[in-house]
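Taking it in order: structure first as C-alpha cells, then the write-up.
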Amino acid sequence: VYLITLDTKDLKIFKVSANGQAAKFELGAQQGYKGSPLEITLPFELSRGQNVIVEVEYETSPSASALQWLSPAQTAGKKHPYLFSQCQATHCRTMLPCQDMPSVKHTYYAKVSVPKELIAVMSAVRDGQEPDPSDSSRVIYRFRQMFSEIVCYVLCREIGPRSRVWSEKEYVDQAAFEFSETETMLKTAESLSGPYVWGQYDLLVLPPSFPYGGMENPCLTFATPTLLAGDRSLSNVIAHEISHSWTGNLVTNKTWEHFWLNEGHTVYLERMIGRALEGEQFRQFKARGGWKELQEAVHQFGENNVLTNLVPSLKDVDPDDCFSCVPYEKGFALLYYLEELLGGPEVFMGFVKSYTQLFAYRSVTTKEWKDYLFTYFKDKLDILNKVDWNGWMYTPGMPPVKPQYDTTLADACIALAQRWQNAKDADLSGFSEADIKQLSSHQLIEFLALLLLEDPLPQSHVKRMQEVYNFNSVKNSEIRCRWLRLCVKAKWEEAVPLALKMATEQGRLKFTRPLFRDVYNFDKFRDVAVKLFKEHRDAMHPVTATLVSKDLKVDQRTGF
C-alpha cells in the first residue's frame, strides 16, 4: 500500500484520483493549528521512476487563514473587491492540500479566473491570458514557476528593466516613486551574493490590512502601503525583501525552529546593501537601532522566555504566536559578531555568498550552517571554538555579547533624547523646531525609539514636543507609530484616538499590536481598546486578529 499524506486545514475534500483512477482518502483528526492530515491511498503499485499525477477536488472554507477577502469599501478605490494570500508560516494548507513546511519545495503552474475588470498576479512568471471559455465576463491568467525552490508560503508601472510595481491606481504613482531605486538595490545585491535567478522582480502594494512589512514571494514581493512615506526613507524594507531572493527563497530554513537562518542572514545582507549605497556608518546606525528593537522584544516576551532563543523549540507551538524581531535581530547580531571575529565585512560576506551558493535550492538546519561555517573558516577554528554557541543559540534573553556599534549618526539622537529625559518643566521653553531640522527620518525614528526604552515622559514633555516638532503631521509610519506610543505611555489622553486610528486604519503587526497593547495598558482606555478591536476584527487579516485578540485577552471563539 502506497500512502501520500498532505497537510490540510478546514478544507472540504470531494474526491481524489491518481493517474485518472479513483483513490481512497481519509481526513485525520484535527490537530489544532496544524489542521487535519489528508491520507491518500494510491490505487496501484508503484515502480521506480514512475510518475504519479494526483488530483484533489476540494473547496476552501470562508475562514481560510491564508486568504483575505476585502469588500470594495475596504480598498483604496472603493469600486471592486480584492483578494490576497499570505501563507507563511502554516497557512498554505487552508488554501490547498500540500506538504506545508519549508523543507518541501516545488514548481507550479496555475490558471486563475477573475472578472475581466480585475487583474491577477502571482509569485511566478506571467504566462499569458485568455478569455474564460466558460464565462464571457471573466478572463484567465496563466502563471508558471519553474524553479523547484518555491516554498508554500491592478495597475502597474515599470520601475526598472526587470521590475514593475503593481497596486490599486490610488497608490501606483506613489509606489513607483517610493520604489524607484529597486534596480540599484538588485544590482548591489547581485554584486554581493551572485546572480539573481528569478528573472523578474515585481512589487505588489497590498491594501492596508496586510500584516507584514513585506513578503518575499519569488518574482512578486508583497509590500505594505505603510512604506509609502513620500521620501523613500522606508525603502530598506525592499532591500530586505530583495535579499530574501538569496536567503529565504534560494536557501531556506528547514523548519521554523531555524527561522533565523532566513531572517538573520537577510537582515545582514540588507544592511550590506545599505552599506554599499549609504556607507558603513549607515549600516552601523541601522544595526544599533535593530539592537534596541531586540531589547524591546525580549522585554515583551520576558528575558527567560525560551521563545527568545535564537533556535527555539516549537513543539506544539504555532509559529505565528512567537513571531517577533528576535530571529531577525538576534540572528544579525550573531552574524555581525562573527564578522568582527573572523576578519571584517568583506571576509564574512564571502562566507555568506559561498553558503548561499553551496545550499542553493535546498532547505537547511542550524547544524548544517554551523558545520559549513567551521569548514569555510577552517584556518580560524581556534576563534570559532571560543564562541559561546549555547549562549547565542539556545539561551533566552539578550545575546551573551553586545556588539560595539559606531555611534556617529546616533550621537545627535542620543543627545536630544537625553535632553528631553533630563528636562524639568522650566527647561521646556529651550526646545525648538531647530532641534530636529538636520535629522534624517532614520534619525528621528532612532530618537523616538530611545525615548520608548526609558520610563514614560511626563505629559508636559510630550505636549511641548508636539508644539515644537509637530509629529502629529508626520506621514512616515515608523515615526508616527513610535510618537503615538510615546504619547500613550505618557498618558496623554488626546493621543489615544490617534493611536487607535492608526492601529485600525492599517493592519501591519509591527504597528497594530504595540499600539493596541499600549492603549490597553492605559487603564482608563482598556475597555475602549477592546471595544474598538471587536468592531474592526472582521476587517483585519486573520493573523492580525488572532494575535491582537491574545494581546487584549479577547477569546476568539466567544468574543469576550
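One is the number of the first residue shown, and numbering goes on along the chain from there.
Every residue, even glycine, has its Cβ placed from backbone N, Cα and C.
Feature annotations, reproduced from TrEMBL:
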type     : residues                                                                                    : note
BINDING  : GLN86, CYS87, GLN88, PRO211, TYR212, GLY213, GLY214, MET215, GLU216, ARG508, LEU509, LYS510 : peptide binding site
BINDING  : HIS240, HIS244, GLU263                                                                      : Zn(2+) binding site
ACT_SITE : GLU241                                                                                      : active site, proton acceptor
ACT_SITE : TYR328                                                                                      : active site, proton donor
DOMAIN   : 408-552                                                                                     : domain 'Peptidase M1 leukotriene A4 hydrolase/aminopeptidase C-terminal'
Study note, to complete from the structure: Listed recorded positions GLN88, GLU216, TYR328; those within 10 A of HIS240 (Zn(2+) binding site), CA to CA, turn out to be GLU216
Practice item. Anything within 10 Å of GLU241 (active site, proton acceptor)? Look among the recorded positions GLU216, TYR328, LEU509, comparing CA atoms, and list what you find. Key: GLU216
Point to revise | Cα-Cα distance linking GLU263 (Zn(2+) binding site) and TYR328 (active site, proton donor), given in Å to the nearest integer | key: 5
Point to revise | Nearest-integer angstrom distance between the alpha carbons (Cα) of GLN86 (peptide binding site) and HIS244 (Zn(2+) binding site) | key: 16
Practice item. Could you round the CA separation between GLY214 (peptide binding site) and HIS244 (Zn(2+) binding site) to a whole angstrom and send it over? Key: 11
**Study point:** Cβ-Cβ distance under 8 Å to GLU216 (peptide binding site), same chain, at least six residues away
**Key:** GLU241, HIS244, SER245, GLY248, ASN249
Exercise for review: Could you round the CA separation between GLU263 (Zn(2+) binding site) and GLN88 (peptide binding site) to a whole angstrom and send it over?
Suggested key: 13
Check your understanding: Same-chain residues six or more away whose CB lies under 8 A from the CB of LEU509 (peptide binding site)?
Key -> PRO211, TYR212, PHE323, VAL543, THR544, LEU547
